[in-house]
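Novice: Structure provided below as structure tokens; questions to follow.
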């Protein structure tokens, strides 16, 4: 647990800390800073650059150099409980490891922990052998051990090393081991008791700093990991030995000298015994090609519960050097010391159960590994032992078999290997133990690894050579994959394959991949079986973990290098090449399609211009144009089409005279409505062939003369309508109802709503009536695209004006810019104030426009009307359609639906000016010609509609497009006339 480094609270907390520090300064010489820093395992900054962090078994202590011996601490559960309370109090005061008060309190608590005496040297004779005469322990052995119990224990107690590969694994019990045995025997002999809740320490206090020192339990991983790889301990086993179950309440561990603060700290007391036992068991190399021989139960039906070595290989001692047997009368010093310690508890060897004998044998295998320290050089030897253990963990040479586990007496064996092992065990037991001399300093020898790196190894040890081992892996979509998620995934996988979670070892994460190995299990499942089963239950694993499993399989790893996975389904190089070629072909095809589309569009524009050039009949260019202009001059005195006096023509205007051949009285008040037409052919018009040809010739000359067209457009831009005030639209309450501030309705020509029916209690809407020839009945209503807060006003205008046709000339969104808000429901019905709009149908007529049908209902009066919307899609905001044909077909479709109606047509785009004015101009001119009006002054018609709404037809291109569309329609009418 890391103490937070936050400052102490204000007020009395800081003053109390200063007062306590002053009291401590007076009671301890040197002040607070004289205390050696504790907690360097939790905070690396405590030690200076001249100090190293020494592993004291608890918090770590800063020390200059590593040559001093550290005493062994006897840490029990009450000690841990007290330290836990002290840490809580310090943390509640806002203290951190850097505070002097924290260091002083921790130092005082550390001094209260009992120490173990360092091992004393044995009296030795000149020959270096243990005196033949047994000491007091031998007398106790003769007094308290029956003759029949000694052989039984001899099979369980560790023997002297046969091959010399591991010094100390079978050494006689030293005084230090006798010191360590009493607490261990308490775990062994006393019945297990449930821990008291008050005495159980919280794992969260020490959890971030307590992890395995050497990475894995089976010894396949070295102390160095590849970059990006984080290892976790194997999952807890289903059953643990009896003495391990109480390791959390009582623990013995030595404060052996450690490494600098950069190295990982040591394990907690509860984990030390379990990790040490598993480390001993992991020293047996697991050769995949050899068969595993599980241990057989002891005679009498009792099995070794919690035996961690069950399922491991039993390897013979072939190839080991046999020592000559010693005299049989030499007593076993190990038996003497064990009997002496047991006698102190009033227990004799024959009273121990087989399970206790097995556990005691395992304990004695563990103790020599920590007792190879001499009093004078404890620190250096401890570091060497750590280095030796790490090298042993990194990999065993398969050619050098490890020492076997002590077998049970009377266990039936069915192979010559186990018989030979028992023979050599008995031979080693009768050999007189040699006196343990001072351990020599290990010599480091450079050896070449398969990867070409020099690695130090211990002189006198067999050279290690890592072998390629297979690892199972599960690749997920989470990068990097957290350790908790990986462990959770393996736990769920263990449930699905009916395995114990402890069967998974060497758990690591490499980016998004989880790697693991499998112990020998009851189901005899291999790595391939487990990974295959993981693929079968992939959906269940993903559902329970929230991860997406991308791949499972088996791979290999060498000397902490990154795992090289072998995918289950590898992609052939030819397939990759084909996929690349297909992708390139797709990109090339897309580019070609875009190029073709651009060419087609450009060709369509050019074709339209060429078609306009060929509209008129041959030989009728100059003469017909002159005759048509002369006819127009003859009717200058007639009544104007727009019921207003015509002024003198402007000098800059070309052919601005407006005339008509027919009498003005022919137009009735109800004849303003459009004449129906067909999409295939134009309507039959009251136009003779000669008049039509003259109109075409005039239009052709008008379009070919670019200077005349430019001057005409300049004159239109300079035209100002009278009156032209827009005060109502610019009012404070109405300005937010305008989509564009430059296109507002005139005060004298605007649609007025009924105030009593309006949700905003206002009669304003940005809409203008467009009158063709009858002021009492407008032919069009030009309006802007509704805003989100003016949709109800829009439907009120539709209802009050009696409109049944809506012409929409803009998409809702163009180039990421909203052009118009959706004022109709996507499906079903929507209520806008008191008007319920129900979408009946939506028919895509072609790629350029679609048609929608609505029911419009007034929920107050329960009256219902039908309504049709024509939506043109291919008209850009600032431009013109690519061709006039789609718009002319669209207009014919609108007029066919509008046949016989006497209500205005609502026309809108985004701003209600550019595209709206162009469509109204084209439709108005063509409707006049269809009714027999023999005049074709499009400029004068545009001035007429601009008198009623400003900004109609915003650009010269739109004006030229209107001229072209009129010429196209006239040409189509002439072709439809009988010759």
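These residue numbers are counts, starting from 1, taken along the chain as shown.
Including glycine, each Cβ sits where the backbone N, Cα and C put it.
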Novice: Give the range, chosen from 576-600, 601-625, 626-650, that Swiss-Prot lists as transmembrane segment.
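Specialist: Per Swiss-Prot, the stretch marked transmembrane segment is 576-600.
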Novice: If you check Swiss-Prot for N-linked glycosylation site, which of 524, 766 comes up?
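Specialist: Cross-referencing 524, 766 with Swiss-Prot, N-linked glycosylation site lands on 524.
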Novice: Check the DSSP secondary structure of residue 754 (SUMO cross-link), expressed as helix, strand or coil.
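Specialist: Going by the DSSP assignment, residue 754 (SUMO cross-link) belongs to neither helix nor strand, so it counts as coil.
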Novice: Might you list, by sequence position, any residue in that chain lying six or more from residue 754 (SUMO cross-link) with a Cβ less than 8 Å away from its Cβ?
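Specialist: Once residues fewer than 6 apart are set aside, residue 754 (SUMO cross-link) is near 763, 796, 800.
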Novice: Within its own chain, what residues at least 6 apart in sequence put their Cβ under 8 Å from the Cβ of residue 62 (disulfide bond), listed in sequence order?
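Specialist: Correct list: 36, 37, 38, 40, 46, 47, 48, 51, 52, 53, 54.
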Novice: Looking only at the region 'Sufficient for dimerization of proICA512' (449-575), what is the mean pLDDT?
Specialist: 75
Novice: Using a 10 Å radius around its CB, how many other CB atoms surround residue 53 (disulfide bond)?
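Specialist: Counting Cβ neighbours of residue 53 (disulfide bond) within 10 Å gives 26.
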